[in-house]
Amino acid sequence: MPMWSLRRRPGRTLGLLLLLFLSFLVLRRLRVFMLSVVSVLFLVAASACPSPAVGPSPGSSAEESHLPRLNWSTLLPLWLQPRRLGLRTKGPNFMLEDSTFQIFGGSVHYFRVPKEYWRDRLLKMKACGLNTLTTYVPWNLHEPERGKFDFSGNLDLEAFIQLAAKIGLWVILRPGPYICSEIDLGGLPSWLLQDPNMKLRTTYYGFTKAVDLYFDHLMSRVVPLQYKHGGPIIAVQVENEYGSYYKDHAYMPYIKKALEDRGIIEMLLTSDNKDGLQKGVVSGVLATINLQSQQELKALSSVLLSIQGIQPKMVMEYWTGWFDSWGGPHNILDSSEVLQTVSAIIKSGSSINLYMFHGGTNFGFINGAMHFNDYKADVTSYGKYLQWFSLFLPSVYYDAVLTEAGDYTAKYTKLRDLFGTFSGIPPPPPPELTLKMTYEPMRPSFYVSLWDALLHLEDPIQSEDPINMENLPVNNGNGQAFGYVLYETTIFSSGILRGHVHDRGQVFLNRIFIGILDYKTTKITIPLTQGYTTLRILVENRGRVNYGNNIDTQRKGLIGNLYLDNNPLKKFRIYSLDMTKRFFERLDTDKWNFIPKEPTFPAFFLGALSVGIYPSDTFLKLEGWTKGVVFVNDHNLGRYWNIGPQETLYLPGVWLDKGLNKVIIFEETMAGSMVQSTETPYLGRNQYVN
């Protein structure tokens, strides 16, 4: 077929131009018509509905406070909305184009929720009466190796943002580079720590060079999704809570410029808690606050007023609870206090973001930690973080905005009524719940000890001295980010073994366990040995610190020399045990054995979970097991530990297949006889009301 030539067919060209002109006129009239219809509906609604129960905001008249607010996100489809001005400030108010706009936001982290459930969670957010989604962007997950980016599958940021737009939610993006978020190293890649002089979150060249390359890639994806380009992103946050860190006064201006130079044109925000608000302010950037109580709201609002004058107030993070750490109590925030505080924030004229609306799960090894006086690693469930629970004796049930599995709670219903009242717009009906299922107990059939598994893994790294995890010559020179590292050397005598182990090291003589080295226990006695003995230390990275002034020192494994009676040990064999899909591919079917009467630990156990024709969500309960990690169909569900408070692991139904599903358990100490499943998660009974 010959190619169409404008030169050969002038009549067709004129016809095409005429058609385009007529189409423009039709679309213009359609837009005017739609605006007219909306105006009529708006006036009818205004006369029929009572005005929102919100007092006049500072600087506005009483008459203005009774005018219903025009919510373009629900009255007009996105393609008909004007995109001239974007989100801006006008006195004490946010304005979206020419209308007053109050942000009712909620946080959902796409990387903590299976992609297949994104739509469900965001529809539930919309149905709760919220109008804005906020999310962090984890650099460490998106750039696991220098220059190698991953925005696929569960990390498809663009798809997540575009889905929010389709559902009718605006987006506030929080791209870091540091995000805190109770994620390993606050979302910074561990390979940054290969530089012995690294100064994270400063203008140190090694850090800014990496940030620039990352932002070059990230912003090329984000810029087209901004409001003025037709997307849902109405604001972008500059770093995260830098005021409480503040090691370099030039750092925040650098991040601001880095965003703007790469095409960020929407409103810029900062976000700080009470410890850093005054130091976190950046010229030309709107400051917002993070808090949990009404007392903090009053105090921080006064500080904001003194810092930036009359500007819109926003609580970027209203903490609806607190996170749990292994071995600690389960934290609970009283539900009545939550509702009172949310109501007080909105009545004060402030915008609000619920952190978290839906927490999801720290799948894999991505959880963070805190280390002030003691090292405390966060539990696997992030659904327990900053959400609300109630005690229903004799067991615990979830009472969050949305539970870890996305279920509704009494608080969801009450908040839905609250936001609907303040916005004056009835929210859409909530979606149906996802199915939950209790499956038959799974009994592992096969096993291989860690020591036998070593024979089938990659050859160990030979090194004169110990090498920390980040500097291991693996992953194309990027070191190891997560998991375990095994160190082996040969000793010839007994004595006192001493060294710095981050975070937890099990010590073995040959295959015999003799003790633990960690932050509190830095010495252990080696008993009498005969001849050559293999000393083994299995070190677990339990999670790098995500908040505090010590993030530069978060290297894992053996740190420095290991001494026996003050003599440094040499000639190490080091195994990288990252437990990725590639790792398990080396453990073929013929490498497994039937489980002996007395297994040798640590060990891997293999079994099959039988699922019917409708795979559904469930929770795995590892009663009788001690400490380890669970993998189902190559998905790392996260860590378990019998010290609590978390007692079950969330298993999304979308990761299950009809029929038999492969389950691998890495157990460090003692195995149970089976793995049970339940429709309801369990928590330890050691409860603490925050």
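Glycine is no exception: its Cβ is also placed from the backbone N, Cα and C atoms.
Feature annotation from TrEMBL assigns domain 'Glycoside hydrolase 35 catalytic' to 93-420.
The annotation active site, proton donor is assigned in TrEMBL to GLU241. For GLU241 (active site, proton donor), the Cβ neighbour count at a 10 Å cut-off comes to 23, with all displayed protein chains included.
Per TrEMBL, the feature active site, nucleophile maps to GLU317. Its own atom aside, the Cβ of GLU317 (active site, nucleophile) has 27 Cβ atoms within 10 angstroms in the protein chains shown.
This prediction places the mean pLDDT of the domain 'Beta-galactosidase 1-like first all-beta' (479-578) at 96. TrEMBL lists 479-578 with the feature domain 'Beta-galactosidase 1-like first all-beta'.
Secondary structure of the domain 'Beta-galactosidase galactose-binding' (602-661) per DSSP, as helix, strand and coil residue counts: 3 helix, 35 strand, 22 coil. The domain 'Beta-galactosidase galactose-binding' annotation in TrEMBL covers 602-661.
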Distance, GLU317 (active site, nucleophile) to GLU241 (active site, proton donor) (CA atoms, angstrom): 11
Per-state residue totals over the domain 'Beta-galactosidase 1-like first all-beta' (479-578) - DSSP helix, strand, coil: 3 helix, 58 strand, 39 coil
